[in-house]
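What follows is a set of notes on a single structure, which appears directly below.
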Amino acid sequence: MRLRQNVHFFLLGMFVGLSLSGLVYWGFNSIWFGNHLTGHLGRTDVASLTPWLAPIVWEGTFDATLIDSIYKQQNITIATTLFALAKYTRFLKDFLESAEEHYFVGFRVHYYLFTDQPEAIPNVKLGQERYLTVKKVPSLNRWQDISMGRMGILEKLIENELANEADYIFCLDIDTKFYGRWGVETLGRLVGVIHPWFFNVPRFIFTYEHRRESQAYIPAGEGDYYYTGAAFGGSLNDVHKLTRTCREQMNIDAANSIEAIWHEESHLNKYLFYNKPSKLLSPEYLWRDISMCVGQVKIIRFSHVAKNNAEVRPNL
């Protein structure tokens, strides 16, 4: 009889403990990403959670002051990788100057810039605990090779240099500019950014790789979001797994004379479909200056700049 009572008390304790843990977890995330009971934060016009309960970060879904104060106690460093080859060096000044105004302001940031023209790097004044390391890489004749080659370079950078130097990493396109806050609300284990052209369209419009011969293949009718290859990030360990997998799959495709429809972006989407991100960033975090604004996008934080691709890309 006493044994049965002890078992009942044990099970009851487990139930209460798990329930309280769940409430604490829910409450913690509610504070960061919108308290839907009080209405102080939150959005009803957009989805703010994925089907697997990862937050989707929009304006109005997080408390910037609170989340900044929490991360300030952790003394973190964010590595940020950039590639500026050939004529893309022209975008460096606007990127760096706008990043110093809006990107992880008040936190330690280390930019790692890969370029074939170190002499073309502009002199941009960086703030306190903001660093720039320039790494020379060979010139390439095809923009597709430049784009796809990033995964292998990022994989090696994380392996060889970043283990004791950073806590998180973001990989960003250089032909971009910041217009608003990009802060610690974006940090997570594995972070994808919803492509601005595909956030409000049906799945059959997504430009996944549908050829079975490619390692980036996603079957028709499957998928959940379409992610941009111009911005992704997360913890060092998770981004290392992502870059290693994408590099390996691109090597297999190359050995079979196959190039995925959207190059490394296709492989990124394949990886994030089968390895769900822990956080998604809305198109606020990667817009396009040539795109028309829509009602759900209340603020443009980061955007591609308008350019003539035929003029800046080497093989167009």
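Residue numbering: from 1, along the chain as shown.
Note: Cβ is positioned from N, Cα and C throughout, glycine not excepted.
Curation does not apply to TrEMBL; its annotations are automatic.
What TrEMBL says about this protein:
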type	residues	note
TRANSMEM	7-28	transmembrane segment
BINDING	Y88, D173, I174, D175	UDP-N-acetyl-alpha-D-galactosamine binding site
BINDING	D173, D175	Mn(2+) binding site
ACT_SITE	E265	active site, nucleophile
Taking only the binding-site residues Y88, D173, I174, which one has a CA atom nearest to the CA atom of E265 (active site, nucleophile)?
D173
Return the residues near I174 (UDP-N-acetyl-alpha-D-galactosamine binding site) by Cβ distance under 8 Å, restricted to its own chain and a separation of at least 6 in sequence.
L82, F83, A84, Y88, F91, L92, F95
Counting all other Cβ atoms within 10 Å across every protein chain shown, which of the recorded positions D173, D175, E265 scores highest?
E265
What's the number of neighbouring CB atoms sitting within 10 A of the CB on Y88 (UDP-N-acetyl-alpha-D-galactosamine binding site)?
23
Residues other than Y88, D173, I174, D175 within 8 Å, Cβ to Cβ centroid, of the UDP-N-acetyl-alpha-D-galactosamine site?
L82, F83, A84, F91, F95, T176
